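Residues annotated as active site in TrEMBL: Asp532. As annotated by TrEMBL, N-acyl-D-mannosamine binding site applies to Arg492, Thr504, Asp532, Glu581, His584, Glu603. Look at TrEMBL and you will find His584, Cys594, Cys596, Cys601 tagged as Zn(2+) binding site. Marked as domain 'UDP-N-acetylglucosamine 2-epimerase' by TrEMBL: 53-390.
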Amino acid sequence: EVYFKNLSKQKQKEVMEKNGNNHKLRVCVATCNRADYSKLAPIMFGIKAEPQCFELDVVVLGSHLIDDYGNTYRMIEQDDFDIHTRLHTIVRGEDEAAMVESVGLALVKLPDVLNRLRPDIMIVHGDRFDALALATSAALMNIRILHIEGGEVSGTIDDSIRHAITKLAHYHVCCTRSAEQHLIAMCEDHDRILLAGCPSYDKLLSAKNKDYMSVIRMWLGEDVKTRDYIVALQHPVTTDIKHSIKMFELTLDALISFNKRTLVLFPNVDAGDKEMVRVMRKKGIEHHPNFRAVKHVPFDQFIQLVAHAGCMIGNSSCGVREVGAFGTPVINLGTRQTGRETGENVLHVRDADTQDKILHALQLQFGKQYPCSKIYGDGNAVPRILKFLKSIDLKEPLQKKFCFPPVKDNISQDIDHILETQSALAVDLGGTNLRVAIVSMKGEIVKKYTQLNPKTYEDRLALILKMCVEAASEAVNVNCRILGVGISTGGRVNPREGIVLHSTKLIQEWSSVDLRTPISDALHLPVWVDNDGNCAALAERKFGHGKGIENFVTLITGTGIGGGIVHQHELIHGSSFCAAELGHIVVSLDGPECLCGSQGCIEAYASGIALQREAKKLHDDDLLLVEGMSMKEEEIVSAAHLIQAAKLGNTKAESILRTAGTALGLGVVNILHTVNPSLVILSGVLANHYVNAVKDVINRQALSSVKTVDVVVSNLADPALLGAASLVLDYTTRRIY
């Protein structure tokens, strides 16, 4: 880590020397509309905060300067930015030709501005036709271009414009791993691509807890409650204007029928926007008691509105990108965002011929709360972008280089920019200790934290949150990108809801506990929860002996006995999430009492607790210690003492371990006869002591057709943490409905 940091500092120093120690990078940021300013503003604030490194020039054009769209250039002035140039570039019209003429007008006006400013680099955002004019002008005037949010896929003409800007741009800042791979596949130089995340997330992830009720009342009325209103934002689709107008009519009809307070924002300046406004007025939206129609909402306030809405509906990219950070339900209409990566909070209505389908979607989504998603950012984009800008060497040739053929899928970023590893936060809730770790995609435990597990629910949850927040903060320092949180815990777990249904007696006050919601809300990350035995099986499937095996069983031999079953590559949970409670297979009708209340379970014979119980009996009868053993007076008798005694020839200890191994072996035989796996993996601290006994019982007791099963000892050092991590690393692909 120190090496990487020093190398990065040395690189920046060399770049400064090449560019001239006193030379500040002159950056021109051009913003065209309210949407792109929300992404560019955090970068602009970052540039302004480092006057020793940068000079900032702001150019405003497009719909910022149109009264019908709120004269949104004023919010730039309110943010205390000096606007160097205002360019009126929008040609008013209602068809595609108006957009073409607007691009032409911008191309006529921009050269004079760029000649006067002479920036070292121009920052251009997104996929609007105004941005295409900016990129074209800068490229033809030999000005370096940094393109924000390239490589994404959304459908409609926006894709073509976005990719055209990519080919003109010299440097690229993308938001997701998929976007990065798209840029590489488009033959862009990987050294000039930065996976930073969306800049707006730097503000989003710290905004939800601010005073929001005053904002909600300002825009929707005094009587509105959180989660009881809708935000609607729909734009025309320029490749199918007629259909998008029809979809907008059906949306308004559905919203009127749904009868909830709704904030409707005016659409973007695009072909078809005027017709959409006419539809709003025809239906009386501006005067309807349930509706508030507005041209513009400042971004800070818009964040609060969508964060606490019961639902957002429309086809804005904000719905599938930013809103996921709050877990707010979204209904995405039509094809305008087809191909975007989305969180599970997004329900797609691809086509609708009546209002009924949209109304049904509203009934399904309204008022729900989904896990917070960080697909598009982790709140640290701006520091990465500023570091990237500082690394640009102005003496390098301006001519772009394309990489043919595309580089390998798994190539890492240049260390002189940012080297980040996709990782998970893994949490292991044991009977004694609470552990949190940063685990990489390859199964490397990058950093681990351990604390004693508190006895009460409140203290335990508070400690989990504290440790996870510390680990997430540390992840930035060790160049890890956290994709989510995986939790391994004892007891019966509903993994679909992230709830611990019933706990083992080893963990007190741990039943009917919702783990997903508080942790997801605190970290703005998706959270997965599962039983520790299932997690051990997942760890083997991803990192251990189970990799590539279709059917196998894992048994954990530790304080208790647990396990997981993988059948046809999938983990088996059962109808009530009670599958693979392997420690409670009964192998004797009159055996010792188990912690579950039954008798003769495997766990009552072979668990660490069972061995400790038998060791204490021997010790109380003065039959445990043999020559070569000693115990301090205050030392607690444990299973380790029993194993040590057996190794030193204590026949009674040997008999107890033999019985325990036989009980475990009989349980394995029952498993073989029930699910017929091709592999049995013994995991945990007692696995090595039991493996030969289990194989012997299989040879004696099992049917001949299953005697050939492989029985192996796990080679994973920490299956619980690795299994919790694999919950995240295997399931970070979001669902699309």
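Backbone N, Cα and C define each Cβ position, glycine as well.
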Recorded positions: Asp532, Glu581, Glu603 - member with fewest neighbouring CB atoms within 10 Å: Glu581
Zn(2+) site shell beyond His584, Cys594, Cys596, Cys601, criterion: Cβ within 8 Å of Cβ centroid: Gly583, Val586, Leu595, Gly597, Ser598, Ile602, Glu603, Ala604
Nearest of the recorded positions (Asp532, Cys594, Cys596, Cys601) to His584 (N-acyl-D-mannosamine binding site) - Cα to Cα: Cys601
Alpha-carbon spacing, the residue listed as 'active site' to Arg492 (N-acyl-D-mannosamine binding site), which is rounded to whole Å: 9
Average pLDDT across the domain 'UDP-N-acetylglucosamine 2-epimerase' (53-390), rounded to a whole number: 91
Spatially closest candidate among Arg492, Glu581, Glu603, the listed binding-site residues, to Cys594 (Zn(2+) binding site) (Cα to Cα): Glu603
Cα-to-Cα gap, Cys601 (Zn(2+) binding site) vs Glu581 (N-acyl-D-mannosamine binding site), nearest whole Å: 11
Cys596 (Zn(2+) binding site) and Arg492 (N-acyl-D-mannosamine binding site), distance between Cα atoms, whole Å: 12
Alpha-carbon distance [Cys596 (Zn(2+) binding site); Glu581 (N-acyl-D-mannosamine binding site)] in Å: 11
Residue, out of the binding-site residues Cys594, Cys596, Cys601, whose Cβ gathers the largest set of other Cβ atoms within 10 Å: Cys601
Integer Cα-Cα distance in angstrom, Glu603 (N-acyl-D-mannosamine binding site) to Cys596 (Zn(2+) binding site): 9
